[in-house]
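As given in Swiss-Prot:
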COMPBIAS  634-644  compositional bias 'Basic and acidic residues'
CARBOHYD  ASN136  N-linked glycosylation site
CARBOHYD  ASN151  N-linked glycosylation site
CARBOHYD  ASN412  N-linked glycosylation site
CARBOHYD  ASN503  N-linked glycosylation site
CARBOHYD  ASN521  N-linked glycosylation site
REGION    632-653  region 'Disordered'
TRANSMEM  34-54  transmembrane segment
TRANSMEM  213-233  transmembrane segment
TRANSMEM  243-263  transmembrane segment
TRANSMEM  284-304  transmembrane segment
TRANSMEM  334-354  transmembrane segment
TRANSMEM  384-404  transmembrane segment
TRANSMEM  534-554  transmembrane segment
TRANSMEM  563-583  transmembrane segment
Amino acid sequence: MHCLGAEYLVSAEGAPRQREWRPQIYRKCTDTAWLFLFFLFWTGLVFIMGYSVVAGAAGRLLFGYDSFGNMCGKKNSPVEGAPLSGQDMTLKKHVFFMNSCNLEVKGTQLNRMALCVSNCPEEQLDSLEEVQFFANTSGSFLCVYSLNSFNYTHSPKADSLCPRLPVPPSKSFPLFNRCVPQTPECYSLFASVLINDVDTLHRILSGIMSGRDTILGLCILALALSLAMMFTFRFITTLLVHIFISLVILGLLFVCGVLWWLYYDYTNDLSIELDTERENMKCVLGFAIVSTGITAVLLVLIFVLRKRIKLTVELFQITNKAISSAPFLLFQPLWTFAILIFFWVLWVAVLLSLGTAGAAQVMEGGQVEYKPLSGIRYMWSYHLIGLIWTSEFILACQQMTIAGAVVTCYFNRSKNDPPDHPILSSLSILFFYHQGTVVKGSFLISVVRIPRIIVMYMQNALKEQQHGALSRYLFRCCYCCFWCLDKYLLHLNQNAYTTTAINGTDFCTSAKDAFKILSKNSSHFTSINCFGDFIIFLGKVLVVCFTVFGGLMAFNYNRAFQVWAVPLLLVAFFAYLVAHSFLSVFETVLDALFLCFAVDLETNDGSSEKPYFMDQEFLSFVKRSNKLNNARAQQDKHSLRNEEGTELQAIVR
């Protein structure tokens, strides 16, 4: 096997000759340089993973830690120079602040003495005798570890080694496993210092960790909804399409209503004091505005395209007939979903470890502080690029596999005898020859996605700094341009993958050939394909709507302690990727079928010498659709001619 890249098509005289569209048996590796680049990129990701394992400590974020470097709820290793470190805290799972009503921040560090305790004091303790009694009865020692409970009332150092009196009643909260004071005045001071002055990245990571079970449950909900949508499209009827569109409309309106209701609830809540709550309120307003705009656009499109429902049902029935030639195509997304879940879990674990990476430094008094390591922010950015590029690569592999299977089944003369194992055959061709092409296509998508994220971040930053309307307008225009480019590249990539599956050419050659042949035959199927893609997109919107609604209801209960807007965005992103990985089966099959149809028209004429590969049902469907489009075009021209020939009347004043 010679991996030399793409072939150039030239005649014997050296002049370019016309592309011969035929599925290739003998292939060459394509875009190998891009595959090598992806390998180098993943070498960097593996280095970051190893570094996060060595330097990170996600447990400190998840379980909390005391002032001496001990992680609560765990058995710890000693820190050199800290005599009270290295203790077994297996039974002491809660973080207790000895001066919870008067926390202070000096520089970037929280000036506090914290201990790991087995229980939080649920009643106020007014004297050292009560602190001693609480320790003897509950086994929860609220003074520094070096002081025995017997000496709480006898040692002259007890005042400095025990909590400031009175000790307010407190209750353990799942986030950080901290003992949170319950008296109103202490709670307000405690929360404003502890939560508002924590680094934003750590607050986000803590929100993700505290809601990890909810996030996982919502991903499972997105999986169930995606499966339901996939089987709806598999056995689609006109009635199901009407029910489906009604559900989409109700879902959009319902989510918009809930978001505006939550914003109204926040604005009328006089108890909001934390920055996290204010951030949540701003994010809810942003979500509400964006969802309202999307809802309005989609409702207009649904109203305009409502008359094409019958053609859509026929289109999906033809698609299902193609899928029946390779029925295991419907199970391909399960493998994609499993790989995506594994990668996302690994990515989040590394992110948490990076967020907690720090070097232990012993301060005076034997206390331990963790200083952030240099370069962590750059690693976090590199890690984020890895999330986008690798996720797109996994989804692109699925698109290439499905396109290859459709190509194999389409270019088969014996329709009653489909080829054996088309999916495995397509997967093997992808793995051995065309991984570089998929890497290049996914890289182009990532190059557009990353600036979109940066523009969105800068737009939010400008909004907070109250910059002028012109700058915000320019950023919105940039975001819209990147969005349009992203959608165009997605469509171009899909057709390029199908062309690579047919001809075995590299990405750029395939994209150019696909663009030429689709432009030449666009009159046959552009409107049908666009409406089919629109219906599939509505299916993805339905999955995201109901998943986000579940997230709103779940996260809103803990809104006082979480920056839940970011976990909700993460849930929406994962829900869309899950829905896309499942429903894109139909989208990929549709695009591949129409490209194969265009190739069939280009290379055959339906005669006995050059018969079409397509079946009669597909051909008659395209003809009916073209007649409908031509009739509407003629009707529009006729109405325009009538308007042009209308006699001008005098203006009566």
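Easy rule for this one: first residue shown is 1, then count along the chain.
Here the Cβ of each residue, glycine as well, is placed from N, Cα and C on the backbone.
For ASN503 (N-linked glycosylation site), none of the glycosylation sites have C-alpha atoms inside a 10 Å radius of its own C-alpha, out of ASN136, ASN151, ASN412, ASN521. Across the structure, ASN521 (N-linked glycosylation site) and ASN412 (N-linked glycosylation site) place their CA atoms 22 angstrom apart.
The most crowded of the glycosylation sites listed here (ASN136, ASN503, ASN521) is ASN503, judged by how many other CB atoms sit within 10 Å of its own CB.
For the pair ASN412 (N-linked glycosylation site) and ASN136 (N-linked glycosylation site), the C-alpha distance works out to 82 angstrom. Distance from the CA of ASN136 (N-linked glycosylation site) to the CA of ASN151 (N-linked glycosylation site) is 12 Å. Annotation note: ASN521 (N-linked glycosylation site) sits in a coil segment as assigned by DSSP.
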